Amino acid sequence: MGGKYTTFKSKTSILIAINSFLEIFHQSGHFVFFFITLSGINFIPVSLAIKMQGHSVVCANIVNIMFFTMSVERVIAVSFPIL
């Protein structure tokens, strides 16, 4: 017995999978802070910071936009089930 979203037949489940994948990249940015803290470096150049954190910031923004659009879509689907 499985749930409704156990396979990738639903567009919502595909979006949730993409969202989770991007969230992994976003969370990988925290390892940069951990490494810098352990190495004892107080300041790093801006160009290096952008290279090391760019993917994390981009993925975090994409995840926020995807959460917002999915939540609006779910509210519309619940509010107007006939459409």
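The first residue you see is number 1, and the count goes up from there.
Quick reminder: no glycine exception, Cβ is built from N, Cα and C everywhere.
Copied over from TrEMBL:
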{"type": "TRANSMEM", "residues": "31-50", "note": "transmembrane segment"}
{"type": "TRANSMEM", "residues": "62-82", "note": "transmembrane segment"}
Positions on the same chain near the transmembrane segment (31-50), where near means CB under 8 A and six or more residues out: 56
Beyond the flanks of the transmembrane segment (62-82) by 6 or more, those residues with Cβ under 8 Å of it: 12, 15-16, 18-19, 22-23, 26
